[in-house]
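Annotated features, as they stand in TrEMBL:
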type: ACT_SITE; residues: 2; note: active site, nucleophile
type: ACT_SITE; residues: 604; note: active site, for Fru-6P isomerization activity
type: DOMAIN; residues: 2-220; note: domain 'Glutamine amidotransferase type-2'
type: DOMAIN; residues: 285-425; note: domain 'SIS'
type: DOMAIN; residues: 458-599; note: domain 'SIS'
Ligand code: G6P
């Protein structure tokens, strides 16, 4: 992944680059760096700590410049060490000529490395990025724009790059193929960045570069060519990007704040929904919903689990068959396409590389009916899909997704009802009841949040464990999966989820007195089956931590700990139960002292495959 910012201006740009990096840290935070053109030389500062540390280094060194690039890294090739941090220089001498930052993966980096080493280039890092820097230097002909256009033809893989040369002090050249990049137009100054948010407050005049574009940024001029070298005009959009500079308020971490924002953001996401109608998803949705007879959901990570939950809803309520696929699998497997499929992508960021590629793959197979549930209205996902529902979770800072997930579920429930309506499977009375339940969600979630003190007490136990199992059945099985994912990603406790009926087919072998088994136990039609599964755990000494409903009729006893959610919430119950699991993961991580908002090795937005 990684985040890129670059600028050509007539003022010191270090504050703009540093602010941009802070806002791009969601794309990775293994290291960061800035390179500037200073008095005819390239100078850089790099850090394996956070941007605040880099800022300190830059202040100490009095580093200032009018032209430069900056980068925040999520390591792919080479450890998160300072010699692997971007920007990379070429040649690797005191008098470097080229500085370059990169987001993506260069697949032919090995052969290029061999070629460039034979030419005498000395590599300082293990990154695939350094080969691009040396390649650009090797091909440099005094015109960086022309050079980069030729150099990128040698690259296989995905990239967004920004590069500048010691010899052309007022020029930054950038290019993209498979990784996002935008241009920001200022007054006599120009910028490039991985997203518009990085430039919020600097400019709102944004050009979204297209695949294969190469852009020449000079002081009063922006020139774009496409992959054929032909000059192109791209639309300039006015983008009111949110700065993401949300205050923590009374909370200790953004994740906690975002968990507690859920009543409000679900209300926001459902605001204006006065009735169920396909047009909630965009003009022409009725005709699309009328034509389709199956649904294919593509997503990654937490968004994939919201898709799995939606499968239970759509098949049960709208009676339309649903296939949910992990996008990185779908894009490469041989599948059997069907033109009457509604392809639904789910994404918080709207820029996850695998989900975007999965969408394109589906389209290439002739499936043209595309819809996205997405949290970023200006994202590639929304631009690429015909229909969209924009969730209104607001900026999610914590890497572990919480409010984005529950707002996705709210939107997916609306989709379920809209499909059911078009399919003649929703009576007026049912519509009214569902709408009433949805409107009451903020209150119901607040009641779950009030259970925090009880959950903190459980988290103290969890913090001492190294493994945990999560069980659920039916539409709460994806919620168990999401609970396990939350716990492992922020507390580093190994956690796995199973449909409770599968316990006896393997995971029961792991159950001892040391094994906490979290059970999602709403009072639904499967509750008695689930109770039998819980007995299987107890018979092996396993410790049950049960999230029940007010009327699940499960009582605490030896080895059985119960927290009761105040309401049983029918079809929408997954939205309530996941909140309790988010709190459990959060407080377990806090008790273990991990970096909750920026867990190791992860990133918020995954723009490489
Ligand atoms: C990363 C994030 C997850 C997210 C996943 C998919 O792994 O850490 O929280 O669920 O990407 O991201 P998307 O933006 O497509 O929902």
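Glycine residues also receive a Cβ, built from the backbone N, Cα and C atoms like all the rest.
Packing around residue 604 (active site, for Fru-6P isomerization activity) is summarised by its Cβ count: 23 other Cβ atoms lie within 10 angstroms of its Cβ, all protein chains included. The number of other CB atoms found within 10 A of the CB of the residue listed as 'active site, nucleophile', across every protein chain shown, is 28. Put simply, residue 604 (active site, for Fru-6P isomerization activity) is 10 Å from the residue listed as 'active site, nucleophile' when counted between their Cα atoms. Secondary structure by DSSP for the domain 'SIS' (458-599): 69 helix, 32 strand, 41 coil. Counted with DSSP, the domain 'SIS' (285-425) comes out as 66 helix, 28 strand, 47 coil.
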